[in-house]
Amino acid sequence: MEFSIFSTATALIVAAALTWLVLRFFFGTQKATAGAMDASGERQSATITVKGGYSPAVVSMRAGTPITLVFDRQETGECTSHVVFADLGLDAMLPGNATTDVELPALPPGEYPFACGMNMVHGMLKVEGEDGSDENTPLPHPDASYTAPTAVDAAEGERREAAERASEIKALTKLVIVAAVLTLPAFAVTMLHMANPALVPHWMVNPWLQAILITPVMFYCGCPIHTVGFPALAHRSPDMNSLVSLGTSAAYLYSLVTCIAPWVFPEGSREPYFESVGVVITLVLVGRLLETKAREGTGKAVQSLIKLSPRTAHKLNATSADNVDGIEWRNPAYFTDTDIDAIATGDLLVVKNGERVPTDGIIVAGEAHIDESMITGESKPVSKTVGDPVTGATVLLKGDCVMRATQVGADTVLSQIAAMVARAQATKAPVQQLADKIARYFVPAVMIIAIWTFAIWVSLGPVPQLAHALVTAVSVLIIACPCALGLATPLSVTVSLGLGATNGVLVTSAKALEQARRIGTVVFDKTGTITRGVVDAAADWDKPSYEQDTVKEGSREAIAALRARGIRTVMLSGDKAEVAGRIAREVGIDTVICEIKPDGKAYWIAKLQRERDEAAVKSADGTSRTAAQSRTLIAMVGDGINDAPALAQADLGIAIGTGTDVAMQSADVTLMSGDLRGVIKTINLSNATMRNIRENLGWAFGYNVIGIPVAAGVLYPFTGWLLSPMIAGLAMALSSVCLVLNANRLHGANINVGAADGPAGSGSSTADVESAGSAESANAANITGSATSNAPHEPTVIIDDRTTLNQTNHVSDQSNNPTNKENTMDTGMHMHHTAPADGETATDPVCGMTVAVNADAITREYEGKSYYFCGEHCATNFMKAPQVFLEQ
């Protein structure tokens, strides 16, 4: 053997020492850089340089004082174009070669990790208490909602990112061309010489000629890789670029030494690997170029919504604004084209046939048919007339109208969509936590594997040991793809959130997106959710008003689809049993809980959760669970102020977009159109997303688990074959591209009711449908203990006769509880002719529900008196015919 026993022992000792150094460097205690307090002592700040990583990567701040983090980004490219604080729901855009201030409130003690938008570069914000500890205290957790971008911000950010992406694509294209032109001759000559040395003149295989060709590839074309890879190593957050930089540098230096001093190496180990260096760098650049182009599609759904916002509006002149009853406003001479940023609340705007509505408002003249599909996901045009609301960026298909702007800038629906999606993208799905933990240890593990691969081949490998050791170690470094682990979840979540937004389903977090597939019980509010909440003009006014309420289009279909999947349906209502029961029978609800007291919906949600947990404990006998039994989450669907506590209490809150802002702020999902088929869309979207994520994670783990051992040479004893670094580079370059392309398949997923599995898979399985009974049992099937196998049109009816909210009994027969009769709230019509004091209750004159009087209460004035309502639908119906309701 070429190497002596002494050399073998030396190699193993050096490998052990290097392993210890790698572990100490990456996992040793990292010193935090303390933030500086300003002169006023009211704010602390720190500057973080962004170049291949975050420097410093760990910043220490004091609890109780607002924080400013100044990100000095000294590079361009998409990887570090965002910084995401997942725990705070904050996603800040970082322009290239510029500084950006990220303002944070006073935070409680704890650790707040942050990462780049691609989840490859990581840092940590440590907030310490007065005693220097970073243990969490009962201080309130910050609400980072103030950081969400408006539609204007998002549009500007998208334009800036598009410009950076275009510049990056242009630069990468240039580098790929240069690298290919210089690498191809060296690669072709080497391959021909290996096939038949007689075909290649001796001067063409001169290593100095290859060095001249490949050196520009290494240092010029490879510059974007090395300038990120080596700083990332120094910052203890190594990524794929770090591994490529280490591998190509080792191969380049080895080849250079074979040119300058070949006698340093044993005979048989003096072949240069310049062509491998050139091919690897070229393939990595090609992969990055393909990935950058493919990534353009991951956020295209929301980007397309933002781009639809018109930049100008036809503003009526002051002289014409006083009179819109005539037809003068149709004359172009009476309005002026104005930049949308200059439009203020109250301005009168003209919208013509075929144009987009410039902002949110109310029609004050004219009629129109408007396509709201880009907001609600519903393709059917909606007829609008005087007094009807219109949403910015929707399309006026037929007619002309004058509208009064009611919301502009950050307050528009489009801005709220952009803000909600931005907040959701800044969160992490629980499934991503495992991938992040593995990714943290991945690169150091690969480096250690490469070290020991080199040592083992040098010690025990066949002749030439050094050449084999170099090939295998470099192949291990190059084939490993930590990007695949980091990208697997965020890409799918980004595409899915956009897909949901274009289908009228706004999901507020990645966690909600993941959990929706586990819904086992859906609890519905009645008025304005299952029913239209609008009184028919032809209604019989001698009957209780909401006996005339009609079921929304899509409610029956949605509830039938839920039942077919084994998902239990419950309806909560403040109405009398006969009214609630009629609606439940009409739509096929399983269980009705009626005559609910104020704020009692949250009580029943909590009770359902307790009984579910108790049932889960009783059934925990070690037996395997069916797919249906694994769906145990309880979702609440509502639209009014009185639904907000229940939405917050539920495992998953789903708000109706046509309801109140309070309800939407309490929810995890918002259905923009108000159609209950959106619940099915939400579940389908969750199923499709998780299937896509599992595919991505399966590919990421499988690729690395198989690829790294093969690169290390485990097949050599059986096949005599070693993986070339060039093949390793090709595999690594294509791995991330495959993930991006697979995530983009979600754009083709069909999440509508009854849709079969789309490209990414979205439907429920047959097993889900067949195990409906099991699902209901697993989800605390019946509160009163009766069976859940009722026919669809014969629901179980439960009357809420609790006298106080903290009462635990829920007897259905009031005749057995005289205390209830005495203390239960009066559901007769008692009006407050003078405004009641805050904290008292009033009765909704339309539906009869008792409403808590507070600052958020919905009120209307009629003949000098104030009336209180459970929601906007009741208030609107009241104002249509107030005398009719008061006479009841």
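Here the Cβ of each residue, glycine as well, is placed from N, Cα and C on the backbone.
What TrEMBL says about this protein:
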| type | residues | note |
| --- | --- | --- |
| TRANSMEM | 6-27 | transmembrane segment |
| REGION | 128-160 | region 'Disordered' |
| TRANSMEM | 175-195 | transmembrane segment |
| TRANSMEM | 207-231 | transmembrane segment |
| TRANSMEM | 243-266 | transmembrane segment |
| TRANSMEM | 272-290 | transmembrane segment |
| TRANSMEM | 441-460 | transmembrane segment |
| TRANSMEM | 466-488 | transmembrane segment |
| TRANSMEM | 697-716 | transmembrane segment |
| TRANSMEM | 722-741 | transmembrane segment |
| REGION | 758-794 | region 'Disordered' |
| COMPBIAS | 758-782 | compositional bias 'Low complexity' |
| REGION | 808-828 | region 'Disordered' |
| COMPBIAS | 808-826 | compositional bias 'Polar residues' |
| DOMAIN | 844-882 | domain 'TRASH' |
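Long-range neighbours of the transmembrane segment (6-27) within the same chain, counting only residues 6 or more positions beyond its ends whose Cβ lies under 8 Å from a Cβ of the stretch, are 236, 238, 443-444, 447-448, 451-452, 454-455, 458-460. Counting Cβ pairs closer than 8 Å to the transmembrane segment (207-231), the top stretch among 175-195, 272-290, 441-460, 466-488, 722-741 is 272-290. Long-range contacts of the transmembrane segment (441-460) within the same chain: residues 3, 7-8, 11-12, 14-15, 18-19, 22-23, 26-27, 238-239, 242-243, 246, 466, 468-470, 472-474, 476-477, 480, 482, 485, 704, 708, 712-713, each at least 6 residues beyond the stretch ends and with a Cβ under 8 Å from a Cβ of the stretch.
Below 8 angstroms of C-beta separation, residues 204-205, 209-210, 213-214, 216-217, 220-221, 224, 274-275, 278-279, 281-282, 285-286, 289, 726 of the same chain, each at least six residues beyond the ends of the transmembrane segment (175-195), sit close to that stretch. With a cut-off of 8 Å between Cβ atoms, the residues of this chain six or more beyond the transmembrane segment (466-488) that come close are 2, 118-120, 238-240, 243-244, 246-248, 250-251, 254, 265-266, 268-269, 271, 273, 276, 280, 435-436, 438-439, 442-443, 446-447, 449-451, 453-455, 457-458, 693, 696-697, 699-701, 703-704, 707-708, 710-713, 722-725, 727-729, 731-732, 735-736, 739-740.
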